[in-house]
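What Swiss-Prot says about this protein:
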type	residues	note
BINDING	G32, L33, S34, A35, S36, G37, K38, S39	ATP binding site
ACT_SITE	S107	active site, phosphoserine intermediate
Amino acid sequence: MSTNITFHASALTRSERTELRNQRGLTIWLTGLSASGKSTLAVELEHQLVRDRRVHAYRLDGDNIRFGLNKDLGFSEADRNENIRRIAEVAKLFADSNSIAITSFISPYRKDRDTARQLHEVATPGEETGLPFVEVYVDVPVEVAEQRDPKGLYKKAREGVIKEFTGISAPYEAPANPEVHVKNYELPVQDAVKQIIDYLDTKGYLPAKKE
């Protein structure tokens, strides 16, 4: 960590922001194998939250981020760790501004996801509580993901063209206790998104739906 720095707290508390914006900030963290459907769910989830529930939500997509913020990172374990660390920090900033951050990253290592959770749940200076962190396990068997393979990545991994590919030559550590477990090989997209939104409603994270 850098030295000789000071954290400057806002003049607004999080509760004041929540009251003024009529919205709680949180992060929805979608994790799962490549081709599990994370990005597809994230796109539809963002669409429904913004269009139907009238809340501020924004996607942070695993591929999109590597076009800019994380374009300097590869796919070694160290780079994957740094990839997730950066995204966790960015997602927290969105959540702290009372927006809903929707991240869709393979995030294969449990310790990295746990670190992202802790980053949110530990209160920052000037705040009494942390931020909600909703882990969504987008679950498909590797055989199903490999059959889908829209980018041809599994084929390249099997051929040895791609090294350290999650699910083939690198591990994926499934969440032990995710807030939402979506079996994305059984459900249509709309039903999977409904499962996530129903959880958010149950926890009181969303304002009441406007008729």
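Cβ atoms are placed via backbone N, Cα and C, with glycine included.
Neighbours of the residue listed as 'active site, phosphoserine intermediate' among the binding-site residues L33, A35, S36, G37, K38, defined as a Cα within 10 Å of its Cα, are L33. Other than the site residues G32, L33, S34, A35, S36, G37, K38, S39, same-chain residues with C-beta atoms no more than 8 angstroms from the centre of those residues' C-beta atoms, the ATP site, are S104, I106, V138, V140, A145, N184.
In this structure, the recorded positions under consideration are S34, S36, S39, S107, and the one with the smallest number of other Cβ atoms within 10 Å of its Cβ is S39.
Neighbour counts were taken at the CB atom with a 10 A radius for the binding-site residues L33, A35; the maximum falls on L33. Of all the binding-site residues listed (G32, G37), G37 has the fewest other CB atoms within 10 A of its CB.
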